[in-house]
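Annotation comment: Swiss-Prot describes 131-147 as compositional bias 'Polar residues'. Annotated region 'Disordered' per Swiss-Prot: 125-147, in sequence order. Taken from Swiss-Prot, the feature topological domain 'Cytoplasmic' covers 1-9. Residues annotated as topological domain 'Periplasmic' in Swiss-Prot, with sequence analysis given as evidence: 31-147. What Swiss-Prot lists as transmembrane segment is 10-30.
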Amino acid sequence: MKKFDEINIIPFIDIMLVLLTVVLITASFISQGKIQVNVPKASTAVAFKSDELAKLLTVTADKQLYFNDKPISQEALEAEIAQWNKDQKVTLKIDAEASFQDFVTITDMLSKNEIKNVAIVSMKDKGKSAGKNSQESTPSQSVPTTP
């Protein structure tokens, strides 16, 4: 019988490098598609189930529009909104640094098409003593828009 004096760890290292590659590739796919938006703070917020948030409209600080995390022009967004049903649920995620005019423009598009079921994403403010890590981003129900 052959006696093993030492263990060959090269196959183990090969497997670990393959697993590391898979993890890094997977992590890069997960991080893509997230739009960095600094949402405003609110003292009250009502949490939603994510399946209720069918359509997501995002405005970044540099006035970029996104529909369901994909860039879109204002004209294309208007055409898209025109195709929606009047009872369509919409979530607005607007950066705190964006101008109020950006908010008014989006809500005006929704009002023209009589879409009134609108929620606004805000960050729940846990108080002045709370740190940044203790804040949660939750969509809060807004007052329906009026035409």
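Just so you know, glycine gets a Cβ as well, placed from its N, Cα and C.
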Original post:
Of the residues in the topological domain 'Cytoplasmic' (1-9), how many are helix, strand and coil by DSSP?
Top reply: 0 helix, 0 strand, 9 coil
Original post:
Other than its close neighbours in sequence, what residues sit by the topological domain 'Cytoplasmic' (1-9), given a CB gap under 8 Å and a spacing of at least six beyond its ends?
Top reply: none
Subject >> Mean of pLDDT values spanning the topological domain 'Periplasmic' (31-147) >> reply: 74
